[in-house]
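What TrEMBL lists as substrate binding site is TRP37, TYR44, ARG45, TYR46, ASP103, ARG129. The feature domain 'Fe2OG dioxygenase' is assigned by TrEMBL to 81-181. Annotation source TrEMBL lists 2-oxoglutarate binding site at ASN88, ARG89, TYR90, ARG172, ILE173, ASN174, LEU175, THR176, PHE177, ARG178. Taken from TrEMBL, the feature Fe cation binding site applies to HIS99, ASP101, HIS155.
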Amino acid sequence: MVHAVHGVAAQAPFRRLVTPGGLRMSVAMTNCGRLGWVSDRSGYRYDPIDPESGQAWPAMPALLRDLARDAAAAAGYAGFAPDACLINRYAPGTRLSLHQDKDEGNYAHPIVSVSLGVSALFLWGGAQRGDRARRIPLAHGDVVVWGGPARLRFHGVLPLPEASHSLTGALRINLTFRKAG
Ligand code: MD3
Ligand code: FE
């Protein structure tokens with residue numbers, strides 16, 4: 001999977017996007033699949049075109065697509081066919097503030113996440129931004145299917161610690177598979 005991520009990034013390099021509020025995100029992102037998640041001054045959206053290259057996003061490697069499909073099926077979501085894979089890259093100190101994933105067309109579809117490399121502490125909140133969040137470690141190889149009532153809960157990632165993993169060095173990579181369109 002790490003090799004597949006490198007292949008995607010060779011065609012669509014990791015970049016730090018700007019939020020609608022004008023702040024640069026600390027997480028670096030890229031995408032594969034028919035649709036990619038992008039943010040700029042005009043908002044958040046799924047776009048079939050990589051704004052950096054003006055080209056379609058790289059195809060979703062079958063290895064990644066099949067893993068997401070099988071994980072979803074094992075959690076009770078048979079037939080999950082993701083059309084978007086957002087790939088987040090964390091360097092030491094990188095964090096992702098508390099948010100909901102609300103840019104997809106149909107919240108009945110789950111999101112499948114795969115964590116690679118350095119472990120991070122995931123923040124698992126509630127339905128309301130102010131709800132107390134649990135801290136859950138996400139380690140290399142962890143696969144989680146977020147569906148049903150979990151789908152719209154607030155979540156985030158604490159700053160990545162300085163650590164090293166044999167496959168990614170100081171980095172953490174997180175893939176999220178979505179049915180966005
Ligand atoms: C719970 N990514 O890409 S993965 C994201 O580690 C995102 O990069 C984090 O939040 C990361 O939007 C967390 C776990 C995750 C992903 C999506 C979810 C948990 C989720 C969507 C809904 C609920
Ligand atoms: Fe999220």
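Cβ atoms are placed via backbone N, Cα and C, with glycine included.
The structure, with features from TrEMBL marked on it.
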{"residue": "TYR44", "record": "substrate binding site", "Cβ contacts under 8 Å, 6 or more apart": "PRO20, TRP37, VAL38, ASP103"}
{"residue": "TYR46", "record": "substrate binding site", "Cβ contacts under 8 Å, 6 or more apart": "LEU35, GLY36, TRP37, VAL38, ALA84, ASP103, GLU104, ALA180, GLY181"}
{"residue": "ASN88", "record": "2-oxoglutarate binding site", "Cβ contacts under 8 Å, 6 or more apart": "VAL27, ALA28, MET29, LEU96, ILE173, ASN174, LEU175, THR176"}
{"residue": "TYR90", "record": "2-oxoglutarate binding site", "Cβ contacts under 8 Å, 6 or more apart": "VAL27, LEU96, VAL118, ALA120, VAL157, LEU160, LEU171, ARG172, ILE173, ASN174"}
{"residue": "HIS99", "record": "Fe cation binding site", "Cβ contacts under 8 Å, 6 or more apart": "PHE154, HIS155, GLY156"}
{"residue": "ARG129", "record": "substrate binding site", "Cβ contacts under 8 Å, 6 or more apart": "LEU98, PHE154"}
Using DSSP, would you call ASP101 (Fe cation binding site) helix, strand or coil?
coil
Fewest other C-beta atoms within 10 angstroms, as judged across TRP37, PHE177, which are the binding-site residues:
TRP37
About how far apart, in whole Å, are the alpha carbons (Cα) of ASP101 (Fe cation binding site) and PHE177 (2-oxoglutarate binding site)?
12
Determine the binding-site residues, out of ARG45, TYR46, ASN88, ASP101, lying near ligand 2 in the sense that the CB is under 6 Å from one of its atoms, and give them in sequence order.
ASP101
Tally of DSSP helical, extended and coil residues in the domain 'Fe2OG dioxygenase' (81-181):
5 helix, 44 strand, 52 coil
Residues within 8 Å of the HIS99, ASP101, HIS155 Cβ centre (excluding the Fe cation site residues themselves):
LEU98, GLN100, ARG153, PHE154, GLY156
So which one is it: of the binding-site residues ASP101, ASP103, which has the fewest other Cβ atoms within 10 Å?
ASP103
